[in-house]
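Asks: Pulled the feature table from TrEMBL, pasting it below:
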COMPBIAS  203-212  compositional bias 'Polar residues'
COMPBIAS  214-225  compositional bias 'Basic and acidic residues'
COMPBIAS  345-358  compositional bias 'Polar residues'
DOMAIN    6-172  domain 'G-protein coupled receptors family 2 profile 2'
REGION    203-229  region 'Disordered'
REGION    337-358  region 'Disordered'
TRANSMEM  6-30  transmembrane segment
TRANSMEM  37-58  transmembrane segment
TRANSMEM  78-97  transmembrane segment
TRANSMEM  109-129  transmembrane segment
TRANSMEM  155-175  transmembrane segment
TRANSMEM  261-279  transmembrane segment
TRANSMEM  299-324  transmembrane segment
């Protein structure tokens, strides 16, 4: 059987997407430091990616019309869920920056309600339209099984996708604004603490220059007892410094350290960038189709390759950000071994050790 270039792209991408996302699930399942809400959310995303990849590889046998309709129906659910979980991960990062990890983790079941509930609702709308109007909504698109009608494809997927893209862009604007504000506060606190520490060191140095008071020892025949020499008067620098530090030092839970800020920013840029880049070509093609504009062959292929790579890109983001210290150690750009393990343990590592920070 001869396959089109779009079908070959989907089959090839699916063959890579399935094992690499299974690796993501295995890493989260068997690595203790990944037992956190953020990584569980990435597991949900990986599951959705795997199902979509299986749907794409099914076209190798090109199923019957009825089977393709069934595949297209559940493909609508999991394709929408990939978008939903990507957005939810962004929301989780935002709430973590704004309210802290504890509050962000408390929304766990709300994440599931949205991540799975909205896709199921959109699929149900498609089935209702199919039943009421007597048309085939789900079926073969020519290259794979999904929403057959190009107009309903816009209504049941792309409108929601565009809303999510706009939402993600706005969300990350708030994230960057918040992070820049936190970094400014942290820098101010560090600078003030540094000035006070310098004053403390100066006071200690001056006090060390003053000799210890000695007794004026007289001869043993003298009748008068030894008289102590007057001791120097010291100002209470230490207590003043401690008081000043306690006033300017904010609570630990309200301050994001530089490493945590970098981790959130790094992950945010990769996720948001991937989301926009992957779905820009499909958006362009669908808009052109909606207005009956002829689609160039190269653009159709670019669209297929672009969204078929989303599962691979998500896994790449996971491994890059989760094993950043190890990668830097292998490349010789950072000390590996004990120092990296300490940073991973105490939560003060660099960007990649996000497991203890996000």
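Including glycine, each Cβ sits where the backbone N, Cα and C put it.
Fair warning: this is a prediction, and the values are worked out from it, not measured in the lab.
Please situate the listed features within the shown structure.
Replies: The list of residues near the transmembrane segment (6-30) in space but at least 6 beyond its ends in sequence, with Cβ under 8 angstroms from a Cβ of it, reads 39-40, 42-43, 46-47, 49-50, 52-54, 56-57, 59-60, 143-144, 300-301, 304-305, 308-309, 311-312, 314-315, 318-319, 322.
Long-range Cβ contacts of the transmembrane segment (37-58) within its own chain (Cβ-Cβ under 8 Å, at least 6 residues beyond either end) map to 10-11, 13-15, 17-18, 21-22, 24-25, 28-29, 71, 74-75, 78-79, 81-82, 85-86, 88-89, 92-93, 104-105, 108, 111-112, 115, 144-146, 308, 310-311, 314-315, 318, 322, 354-355, 358.
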Asks: Of the listed stretches 78-97, 109-129, 299-324, which one has the most C-beta pairs under 8 A with the transmembrane segment (155-175)?
Replies: 78-97
Asks: Any residues 6+ beyond the ends of the transmembrane segment (109-129) with a Cβ under 8 Å from its own?
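Replies: The answer is 41, 44, 73-74, 76-81, 84-85, 88, 91-92, 135, 137-138, 147, 152, 156-157, 160.
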Asks: Checking distant contacts: for the transmembrane segment (299-324), what same-chain residues at least six beyond its ends satisfy Cβ-Cβ under 8 A?
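Replies: Same-chain contacts beyond the flanks: 5-6, 9-10, 13-14, 16-17, 20-21, 23-24, 27, 34, 39, 42, 45-46, 49-50, 52-53, 56, 82, 86, 143, 263, 266-267, 270-271, 274, 277-282, 284-285, 349-355.
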Asks: Could you tell me the mean pLDDT over the domain 'G-protein coupled receptors family 2 profile 2' (6-172), as a whole number?
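Replies: For the domain 'G-protein coupled receptors family 2 profile 2' (6-172), the model's average pLDDT rounds to 90.
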